[in-house]
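Structure record follows, encoded as structure tokens.
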Amino acid sequence: MGGGPIAPRGVTKERAEEYKGRVTPYVIIACIVAAIGGSLFGYDIGISGGVTSMDEFLRRFFYSVYQKKRHVHENNYCKYNNQVLAAFTSSLYLAGLVASLVASPITRNHGRRASIICGGISFFVGAILNASAINLAMLLLGRIMLGVGIGFGNQAVPLYLSEMAPAHLRGCLNMMFQLATTLGIFTANMINYGTSKLHPWGWRLSLGLAAAPAFFMTVGGLLLPETPNSLIEQGNKIKGRQVLEKIRGTENVDAEFEDMVDASELARSIKHPFRNILKRRNRPQLIMAILMPTFQILTGINIILFYAPVLFQSMGFKRTASLYSSALTGAVLASSTLVSMARVDRWGRRILLISGGIQMITCQVIVAIILGLKFGSDKELTRGYSIIVVIFICLFVAAFGWSWGPLGWTVPSEIFPLETRSAGQSITVTVNLFFTFAIAQTFLSLLCVMRFGIFLFFSGWIVVMTIFIYLFLPETKGVPIEEMMRLWEKHWFWKKIVLDDQQANNISGRESAI
């Protein structure tokens, strides 16, 4: 039907230049404590690969794999192919997938802190169960509890960081989640390297040490303030403004506060955020919430992070050499994330995602060629080629660390309007954990069947996602989180979807006049 222009949704005008404030010590401390959730996510990703390569662990819980590992003449690509062993890793992410759906209404109705606390408690219980496991059922139950912690933590922490950070530094501060994740992975790899020498209980120490950051995450959740966005959404405007003034270090927060109030009024009018997110005007954010985490996992990074020791041992590295190599990749991942933090709010999201994709494609193809020519079912890589493989895997990990690693979480957490933000983050986490589960459960079988071709499989997906970013992701650098909707209304493709014909023609006319 015809008629006048549709009333603007949520924030009614662009006033980012009126935002005042700075990065206060209060924000830094809050972000550090909240990002502990990322370190737990990373620790649980990194610890499983090292533990599953320890003979004592395999002999106790996966004796058939232990026996197969000792047969030196069998197919190198298939020595760890066991679905129950894969379930030890993947059960974490299946549980996280389910928990993230439960966490969404809790995050919206009771605040970000509530989900952070729930995640911390679940992490703590899971770590204790894993460290004291005496049978496979107890081991898997501990992994499931860790997965519940991941579902709650990954739902709440990125939102918490996005909403606490000033708009001009949101990308950098939000990446503290990914930095903490990479540091957790590196820490896990180093701990595995040390505990592999502690016979026969080293694996228990590796799994149990996750309880320490889980404790700090729980305590931090109890001490941290709720975000001003969440407080205002719950109807507590006075407290919300007080927190906003404290974290910005100034009382001159009228513009940002008004944007939050405008967004919260619309948010409270939306009773069913999951139903609302399916509407046409929210189509771009929904697609990004699905494809960004999908592409992040289909880079193939998890075959390095989950199974680095297993992968390197399959290539002929000795046990200590494989753990050392995986620790090296963890260090590269952590340090490369710092590059992204330093440049994301200067260069923007798009250039990092595209350049990172190109570097990852190159590295995966080179590794596939070397393995295809120099490594087979019954022969190992020479020392020289082993070094080359490790170098290019490190270059691949570095590219992921300053591109898709942090930005795969940052972009989805900042593009949703308040009324669908918790639902959008829940979708992002659910999709990420679903594909993480799928890769974790199938990788050992895929490695056995596809062999070196598995690297070409993932590089093909990186080509697709790099093209997708070039065509369809607008630059979000410096755009206030409450004004993000206007990006889609100006984008060459998405404006055809989020606007009706009359609005699209009006905007096109204004752009042509300019």
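Each residue, glycine too, has its Cβ placed from N, Cα and C.
On a predicted model such as this, the values are computed, not experimentally measured, just so you know.
Feature annotation from TrEMBL assigns domain 'Major facilitator superfamily (MFS) profile' to 30-477.
The transmembrane segment annotation in TrEMBL covers 23-43 (among others). Only residues 6 or more beyond the boundaries of the transmembrane segment (23-43), in the same chain, are considered here, and those with a CB under 8 A from a CB of the stretch are 116, 119-120, 123, 149-150, 153-154, 156-157, 160-161, 164-166, 169, 173, 176-188, 209-210, 213-214, 216-217, 220, 223-225, 246-249.
Within the same chain, residues 44, 48-49, 52, 58, 61-62, 65, 122, 136, 139-140, 143-152, 154-155, 306-307, 426, 429-430, 433-434, 436-438, 440-445 sit at least 6 positions outside the transmembrane segment (84-102) and bring their C-beta atoms closer than 8 Å to a C-beta of that stretch. The transmembrane segment annotation in TrEMBL covers 84-102 (among others).
Taken from TrEMBL, the feature transmembrane segment applies to 114-134 (among others).
For the transmembrane segment (140-161), same-chain residues at least 6 beyond its ends with a Cβ under 8 Å from one of its own Cβ atoms are 30-31, 34-35, 37-38, 40-41, 44, 87-88, 91-104, 106-107, 112-116, 118-123, 125-131, 133, 173-174, 176-177, 207, 210, 214, 217, 224, 227, 409-410, 412-413, 421-422, 425-426, 429, 432-433. Positions annotated as transmembrane segment by TrEMBL: 140-161 (among others).
The feature transmembrane segment is assigned by TrEMBL to 173-191 (among others).
As annotated by TrEMBL, transmembrane segment applies to 203-224 (among others). Cβ atoms under 8 Å from those of the transmembrane segment (203-224) belong to residues 30, 33-34, 36-37, 39-40, 43-44, 47, 50-51, 54, 56-57, 113-114, 116-117, 119-121, 123-124, 126-128, 130-133, 142, 146, 149, 153, 160, 184, 188, 191-192, 195 of the same chain, restricted to positions at least 6 beyond its ends.
If you look up TrEMBL, you'll see 286-309 (among others) marked as transmembrane segment.
Here the transmembrane segment (351-373) has long-range neighbours at 299-300, 315, 340, 343-344, 381, 385, 388-389, 392-393, 395-396, 398-400, 402-404, 407, 451-453, 455-456, 458-459, 462-463, 465-466, 469-470, 473, meaning same-chain residues at least 6 beyond its ends whose C-beta is under 8 angstroms from one of its own. Marked as transmembrane segment by TrEMBL: 351-373 (among others).
According to TrEMBL, the feature transmembrane segment maps to 385-405 (among others).
Under the heading transmembrane segment, TrEMBL lists 426-446 (among others). Only residues 6 or more beyond the boundaries of the transmembrane segment (426-446), in the same chain, are considered here, and those with a CB under 8 A from a CB of the stretch are 80-83, 85-87, 89-90, 92-94, 96-97, 100-101, 103-104, 107, 147, 150-151, 154-155, 277, 286, 289-290, 292-294, 296-298, 302-303, 306-307, 310, 408-409, 412-413, 454, 457.
If you look up TrEMBL, you'll see 452-473 (among others) marked as transmembrane segment. Residues 287-288, 291, 295, 298-300, 303, 349-350, 353-354, 357-358, 360-361, 364-365, 367-368, 371-372, 375, 404, 411, 443, 446, 491, 493-494 of the same chain lie 6+ residues outside the transmembrane segment (452-473) yet bring a C-beta within less than 8 angstroms of a C-beta in it.
When pLDDT values are averaged over the domain 'Major facilitator superfamily (MFS) profile' (30-477), the model yields 84.
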